[in-house]
Amino acid sequence: MIGTDPRTILKDLLPETIPPPELDDMTLWQIVINILSEPPKRKKRKDINTIEDAVKLLQECKKIIVLTGAGVSVSCGIPDFRSRDGIYARLAVDFPDLPDPQAMFDIEYFRKDPRPFFKFAKEIYPGQFQPSLCHKFIALSDKEGKLLRNYTQNIDTLEQVAGIQRIIQCHGSFATASCLICKYKVDCEAVRGDIFNQVVPRCPRCPADEPLAIMKPEIVFFGENLPEQFHRAMKYDKDEVDLLIVIGSSLKVRPVALIPSSIPHEVPQILINREPLPHLHFDVELLGDCDVIINELCHRLGGEYAKLCCNPVKLSEITEKPPRTQKELVHLSELPPTPLHISEDSSSPERTVPQDSSVIATLVDQTIKNKVDDLEVSEPKSCVEEKSQEVQTYRNVESINVENPDFKAVGSSTGDKNERTSVAETVRKCWPNRLAKEQISKRLDGNQYLFVPPNRYIFHGAEVYSDSEDDALSSSSCGSNSDSGTCQSPSLEEPLEDESEIEEFYNGLEDDADRPECAGGSGADGGDQEAVNEAIAMKQELTDVNCTPDKSEHY
């Protein structure tokens, strides 16, 4: 392959894709390798759709793989990473030289300064938390001989506390620690005292003057390979599994994210998670708080599973999306109307850009103020902070320069019709509609879940949003007559796109050394082309292209 131009290969793989000229050959080769090594995408089975199908599978299957992530430990009280007062924020205060929060998981930074990591370690160290209902459900499946393997991305060791025996800790855990120099290994209890006293634990066997003789918990850091145990187990399990259940994971961290595409495609797959995973095709999607969903499944399974239930009430199913409450409708009516302009060549109203940018800023600020004020009165602080961050996005409209030639109002004498709707104008047109979004699950009463045919269920806690016309007032929507589709936000069936998926595509380019042997396969389909198209467009905007597991996945 020496002397071969990777652009030639990319042209053959993706004929309609033209990589930007500024991408170097190394990056292009990484894209080629990523495409060729990606397992083919699985298609949903048409004969498995309902929660009844899921329960039947749980009753009949004997070799179940359960893949778990952050969602199974949310209810255990483990500290949050990203909130205003979370671990990341406090580390930034205590360690101002920390370049970014995730640097504490970088092995090179750890060698230079292990203190940030050990401050974090104290907060989630084993022995402080109890297993969730999800952990207990998996442990009972293990006890009954139904569990083939639990692959967890978490590092909290709660699987062991729950009694799960057939466990693979994909990203390591705090259960043991080993010396960076001599690899001497000890149990977590041997270094507990030092960690809770905020003393960097030292190796008892290495010379005292050896600066790197540090007892590091055996967590997979950036720059380290996954445990060999993961690869060996996956090589065997992929041919034995008869059901895959994903619980509480976004599946954006490779190689674990490749598991659903690496097992035989006829094996049924069930998702239990707060949000959908649009890059994968599950047969049944149970969306919401993981413990709430597992509680309902335990009711339906009966026997020993019913004894695990935290909530004695079995939920009732509804098939019609609940309407907005009167309070929500009143709030929506307070959104400012989008200015309209009747163009000379169209009978339908077209929204235009106010000619004074101060008008935009005023409208946005007023709406933001109303939105935040309402949140502060009606919702807990954590919810206010989360939604305020979303609302803050729309302050960026203030920076739009309406006199910029790239930003043309409808009716402008310059530019053709296709240039009238610029990116900035699209943002302006859509911001009221985005403000109007809210979680469908918040409309459910305490004993309901919503069935969205053919295979999606919305439980409490589901991060699935609605913006359909029957939910929003006409003054706050983008309109239904647009042919361009630029204003159409994702509907109930289409969750908001997460740019981290694009980032994860690039993260995955460099992690081939960590890819399990079972993740073979070749070929590029439409999904590959779309991913590459988006990825190369975002390349210059990405600042972190680490390839090893993202520890924030645990939270």
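Any Cβ shown, glycine's included, is placed from N, Cα and C.
The motif 'Nuclear localization signal' annotation in Swiss-Prot covers 39-46, and the record cites similarity to another entry as its basis. Secondary structure by DSSP for the motif 'Nuclear localization signal' (39-46): 0 helix, 0 strand, 8 coil.
Of all Cβ atoms in the protein chains displayed, 9 besides its own lie within 10 Å of the Cβ of Lys46 (N6-acetyllysine). Annotation comment: Swiss-Prot describes Lys46 (among others) as N6-acetyllysine.
According to DSSP, Gly69 (NAD(+) binding site) sits in a coil region rather than a helix or strand. Taken from Swiss-Prot, the feature NAD(+) binding site covers 69-88, 153-156, 248-250, 273-275, Cys290.
When secondary structure is read from DSSP and collapsed to three states, Cys206 (Zn(2+) binding site) falls in the coil class. Long-range Cβ proximity for Cys206 (Zn(2+) binding site), meaning a same-chain Cβ under 8 A and a gap of 6 or more residues, is found for Cys179, Ile181, Cys182, Tyr184, Ala213. Residues or ranges marked as Zn(2+) binding site in Swiss-Prot: Cys179, Cys182, Cys203, Cys206.
Marked as N6-acetyllysine by Swiss-Prot on the basis of similarity to another entry: Lys185 (among others). A C-beta separation below 8 Å, combined with a sequence spacing of at least six in one chain, links Lys185 (N6-acetyllysine) to Thr176, Ala177, Ser178, Cys179, Glu218. Reduced to three states, the DSSP call for Lys185 (N6-acetyllysine) is strand.
Cys203 (Zn(2+) binding site): 22 other CB atoms within 10 A of its CB, across all protein chains. Residues or ranges marked as S-nitrosocysteine in Swiss-Prot: Cys203 (among others).
Taken from Swiss-Prot, the feature S-nitrosocysteine covers Cys206 (among others).
According to its DSSP assignment, Lys238 (N6-acetyllysine) is coil. According to Swiss-Prot, the feature N6-acetyllysine maps to Lys238 (among others).
Here the motif 'Nuclear export signal' (241-247) has long-range neighbours at 57-58, 61-69, 71-72, 134, 148, 259-260, 263-264, 267-273, 277, 282, 290, 294, meaning same-chain residues at least 6 beyond its ends whose C-beta is under 8 angstroms from one of its own. Annotated motif 'Nuclear export signal' per Swiss-Prot: 241-247, in sequence order.
The annotation N6-acetyllysine is assigned in Swiss-Prot to Lys321 (among others) on the grounds of similarity to another entry. Around the Cβ of Lys321 (N6-acetyllysine), a 10 Å sphere holds 17 further Cβ atoms from the protein chains shown.
The region 'Disordered' annotation in Swiss-Prot covers 335-354 (among others).
Residues or ranges marked as phosphothreonine in Swiss-Prot: Thr338 (among others).
Look at Swiss-Prot and you will find Ser343 (among others) tagged as phosphoserine.
Sequence annotations record features per position, and here Swiss-Prot assigns phosphothreonine to Thr352 (among others) based on similarity to another entry.
Under the heading N6-acetyllysine, Swiss-Prot lists Lys417 (among others), citing similarity to another entry as support.
Sequence annotations record features per position, and here Swiss-Prot assigns phosphoserine to Ser466 (among others). Ser466 (phosphoserine) falls within a strand segment according to DSSP. Within 10 Å of the C-beta of Ser466 (phosphoserine) we count 21 further C-beta atoms, all protein chains included.
Summary: among the recorded positions (Lys238, Arg274), the fewest other C-beta atoms within 10 A of the C-beta are counted at Lys238.
Other than the site residues Cys179, Cys182, Cys203, Cys206, same-chain residues with C-beta atoms no more than 8 angstroms from the centre of those residues' C-beta atoms, the Zn(2+) site, are Leu180, Ile181, Lys183, Tyr184, Pro204, Arg205, Glu210, Ala213, Met215. Secondary structure at Cys179 (Zn(2+) binding site), as computed by DSSP, is strand.
Ser466 (phosphoserine) has Gln153 as its nearest neighbour among the recorded positions Gln153, Cys203, Lys238, going by CA to CA distance.
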